[in-house]
Amino acid sequence: MTRYKAIISYDGSGFFGYQVQPNTRTVQAEIEKALEKMHKGKSVRITASGRTDTGVHAKGQVIHFDSELDITAEKFQKALQVMTPFDISFLTVEEAPADFHARFGTVGKEYRYVIKRTKIFDPFSRNFALHYPYELDIAKMKQASERLIGEHDFTSFCSARTERDSKVRTLYSIDFYEEDAETLVIAFQGNGFLYNMVRILTGTLLDAGQGRISPDDITKALLAHDRQKLISKTAPPQGLYLWRVDYE
């Protein structure tokens, strides 16, 4: 039995998230369906670094699976690329140590959120970015983001549906990239993220850029440990990308 590590990307627009769910199209289900065919009807379970929600994309999701097939990692990659749908891509497949774990072995992740600042709505980017035709003060967004860096209890910045007992996470950095006059990308790097955390942080920073909230409001929200104390909305899913997963 050999363990394999794969880095995959996918367009989340046509999926009801990553995780298998009854009677819905998910990333996990499509990959496991392909592996089952390769293993002549035998079920093969995959494990990912984490789940993504409906409409959320991935540029560098990491999965692992075990197989008894006597084929090279390169052939696995080629076969899975052919046997999975067009909205999933296998960037790499390699043999991994038997104790490698895509989920529990992570030491950090990077998410990016893409914002289109065009005055006129672009239908061709609607599934891949948030359309935000309002003025933004990037300097204010950067000032607000500084209050979020470091180790904090992020209860106020995650969904009430979060299943984790501890809401303490460390944000290493929040960077802002103006790729062009119309595109703003916010990159979040941390040791882990809670359910809807990046989307709530994005909504908060957009409010800061509009002058609706101040850096002090963010500090108060962090200390309140209560999502209801934060007025910012959760940014929609289509602008969010799981960009990279780090391991030791």
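For all residues, glycine too, the Cβ spot is worked out from N, Cα and C.
Taking the Cβ of ASP53 (active site, nucleophile) as centre and 10 Å as the limit, one finds 17 other Cβ atoms among all the protein chains shown. As annotated by Swiss-Prot, active site, nucleophile applies to ASP53.
Taken from Swiss-Prot, the feature substrate binding site covers TYR111, and the record attributes it to sequence analysis. Around the Cβ of TYR111 (substrate binding site), the same chain contributes ALA187, PHE188, PHE193, VAL198, LEU240, TYR241, LEU242, TRP243, each under 8 angstroms and 6 or more positions distant in sequence.
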